[in-house]
Amino acid sequence: LTGVLDDCLCDIESIDDFNTFKIFPKIQKLQERDYFRYYKVNLKRPCPFWADDGHCSIKDCHVEPCPESKIPVGIKAGSSNKYSKAANNSKELEDCEQANKLGAVNSTLSNQSKEAFIDWARYDDSQDHFCELDDERSPDAQYVDLLLNPERYTGYKGPSAWRVWNSIYEENCFKPRSVYRPLNPLAPSRAMYFVFAGESFYTWLEGLCLEKRVFYKLISGLHASINLHLCANYLLEETWGKPRWGPNVKEFTRRFDPIETKGEGPRRLKNLYFLYLIELRALSKVAPYFERSVVDLYTGNGHEDAESKALLLDIFRDTKSFHMHFDEKSMFAGDKKGAKSLKEEFRLHFKNISRIMDCVGCDKCRLWGKLQTQGLGTALKILFSEKEIQSLPENSPSKGFQLTRQEIVALVNAFGR
């Protein structure tokens, strides 16, 4: 994949170099830090749009938390929640590790982590603009260690997965009424629409205003990103109960090769680069929020917290040194009334997509879908809060712009993906 990206003054080769040599090694290191590896999520929220069509029964889809009597599964917000030492002796920890079969979401935590989460909760403020947030106080919300639960292909596919993406594309992306073809690359009836093959299909996209084009590209980029993760970490074979995970080139070709996708695959990958630029831009814009001394990446371990913040600020310096950002100032720049209405429509469409993630039938896929959607939602919130970020007070928390720990963790991990 080479050349210039649409709607950006940026070429793919420059992004590759910048990411490979500057950003990726640092962001990978940051994701391994305690502050960024634990994400609180409610995987039991019902789908708000259609009757649940059953959860994925494949073992790699499952969340298998420890029994509550042994290791408390969720960390409830607030400091009133006490954990007894008796509930955490080593024998029960061993039982718990046995219970967490391969691929299950591992929600075991050390006592130290639990205490840190209670302190983190005090740092959080639950305002959000672009995403439907999980209620962290719900008994069903639990902390998940992202390093123990990598995003990979679990075998979840078919009508249930198709329905989720179909709802995202057809009901939430802006599409002219003259386009009858499904936008969803997974739509089973796509073959009959190949009169629109490849590049010609995208002519309708050029007819949309910049904002609606951007929205479609972000969703397509997110979809491409998730598909790439699944192709890169695929269950290749399972012999004697021992699975072997690795890159599946055939699957990658099926989803992205120009010939197999009638020219659409490279477009999907370009949209992934576009998504990268949007989230990169958000990181560079939010730097002043974190540069203040009042903001700590607080885990209770002073030495590690200081190192984590130094690494994050180092990444911000790199993002600012990249000169080919997407310029969001061109968005919502028309007449005030029309721009405000379009921005609200944009926000509500994205919020709806974050709710659709509760309809994903595979828990592991739902976990990573929710996290990456929230990360993108946080990026959009940042891009549309520039004035508030610039006027932040140095030594006191701001009421004008605030990020919760959840949003920070989602932003960094989504960009890392």
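Placement of Cβ uses the backbone N, Cα and C atoms for every residue, glycine included.
Annotation source TrEMBL lists active site, nucleophile at Cys362. The active site feature in TrEMBL is assigned to Cys365. What TrEMBL records for Arg152, Thr154, Trp165, Ser220, His223, Arg255 is FAD binding site. The disulfide bond annotation in TrEMBL covers Cys56-Cys61, Cys362-Cys365.
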For Arg152 (FAD binding site) and Cys365 (active site), the CA-to-CA distance in whole Å is 8
One of the binding-site residues Thr154, Trp165, Arg255 has its Cα closest to the Cα of Cys365 (active site), namely Thr154
Out of the binding-site residues Thr154, Ser220, the residue with the smallest number of other Cβ atoms within 10 Å is Thr154
Rounding to whole Å, the Cα atoms of Thr154 (FAD binding site) and Cys362 (active site, nucleophile) are apart by 8
Cβ density check for Trp165 (FAD binding site), other Cβ within 10 Å (all protein chains) comes to 20
Cα-Cα, Trp165 (FAD binding site) versus Cys362 (active site, nucleophile), nearest Å, comes out at 14
Students should find that the Cα atoms of Cys362 (active site, nucleophile) and His223 (FAD binding site) sit apart, in Å rounded to an integer, by 16
